[in-house]
Amino acid sequence: MIYPDEAMLYAPVEWHDCSEGFEDIRYEKSTDGIAKITINRPQVRNAFRPLTVKEMIQALADARYDDNIGVIILTGAGDKAFCSGGDQKVRGDYGGYKDDSGVHHLNVLDFQRQIRTCPKPVVAMVAGYSIGGGHVLHMMCDLTIAADNAIFGQTGPKVGSFDGGWGASYMARIVGQKKAREIWFLCRQYDAKQALDMGLVNTVVPLADLEKETVRWCREMLQNSPMALRCLKAALNADCDGQAGLQELAGNATMLFYMTEEGQEGRNAFNQKRQPDFSKFKRNP
């Protein structure tokens with residue numbers, strides 16, 4: 001795709017709806033080679049459940065194998081949240097999040113791997129809250145364009161959860177060990193400027209310009225060699241390839257932790273809108 005002048009990069013985008021069969025996401029494609037996956041659960045700040053993740057996996061696979069698509073945007077519906085992580089209301093006692101048939105999943109780990117291995121750039125378009133598992137999802141994307149109202153942070157230790165895979169190791173690679181420990185251990189929230197200063201996002205733009213600027217970045221990439229982008233993504237990923245094995249091990253540890261009374265105390269407190277009481281659990285040497 002060639003854009004003869006700067007103004008063309010900001011031309012209005014024509015989206016075609018490809019959402020048929022999806023319940024939790026919207027899936028769209030532009031006429032100039034961009035796919036957009038939108039988590040469409042604004043009533044819960046775009047928290048994901050197993051169905052949400054299953055549909056995102058299906059949409060990303062479709063975009064990967066569509067040779068008309070060169071770049072993929074991942075975003076959340078509305079301007080209040082990109083994604084607030086796993087929906088604690090469907091988090092079960094047996095190692096994951098329950099689907100409608102009662103089966104427990106941590107399939108968001110599959111989606112993380114899919115983003116990493118997709119040979120096309122994946123761009124997070126973040127407005128509002130990008131928290132917990134949603135924060136990890138934006139980190140997994142190749143680029144992050146943030147609105148000036150974006151809020152970032154981890155909540156795991158507050159809700160009896162953690163991401164010891166890419167959520168910890170890749171974060172440390174991005175922001176450094178000390179800052180990653182602060183983000184995880186204290187569960188504070190950070191505004192868009194703080195995230196930019198840490199290197200968590202690529203740029204911050206006014207909320208009103210978020211999609212326009214994200215599309216511009218996508219169109220700039222569409223002008224470049226797709227094979228070069230593919231090889232560069234693989235090369236940059238190779239620097240952290242050992243983290244893929246860590247993600248598998250840590251995912252299993254998370255599932256086991258969800259089965260414990262300590263893990264369930266965090267979830268229950270969140271759902272009951274109270275402070276968790278972890279004082280009854282031993283701080284073993």
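Using N, Cα and C of the backbone, Cβ positions are placed for all residues, glycine too.
The 10 Å shell around the Cβ of R45 (substrate binding site) contains 22 further Cβ atoms across the protein chains shown. Under the three-state DSSP scheme, R45 (substrate binding site) falls in the coil class. The substrate binding site annotation in Swiss-Prot covers R45, 84-89, Y97, 129-133, T155, S161, Y258, K273 and rests on experimental evidence.
According to Swiss-Prot, the feature hydrogencarbonate binding site maps to Q154, T155, G156. Long-range neighbours of G156 (hydrogencarbonate binding site) (same chain, six or more residues apart, CB within less than 8 Å of its CB): G132, F162, D163, G167, W184, C187.
If you look up Swiss-Prot, you'll see Y97 (among others) marked as site 'Important for catalysis'.
When secondary structure is read from DSSP and collapsed to three states, Y258 (substrate binding site) falls in the helix class. Under the heading site 'Important for catalysis', Swiss-Prot lists Y258 (among others), citing sequence analysis as support.
Here the candidates are the binding-site residues R45, K89, S130, Y258. The one whose C-alpha lies nearest to that of Q154 (hydrogencarbonate binding site) is S130.
If you take the C-beta of G133 (substrate binding site) and look for same-chain residues 6 or more apart in sequence within under 8 angstroms, you find F48, C83, G85, G86, V108, D163, G167. Around T155 (hydrogencarbonate binding site), the same-chain residues six or more apart in sequence whose CB sits under 8 Å from its CB are G85, I131, G132, S161, C187, listed in sequence order. In the structure shown, the C-beta of S130 has more C-beta neighbours within 10 angstroms than that of any other entry among the binding-site residues S130, Q154. Annotation note: S130 (substrate binding site) sits in a strand segment as assigned by DSSP.
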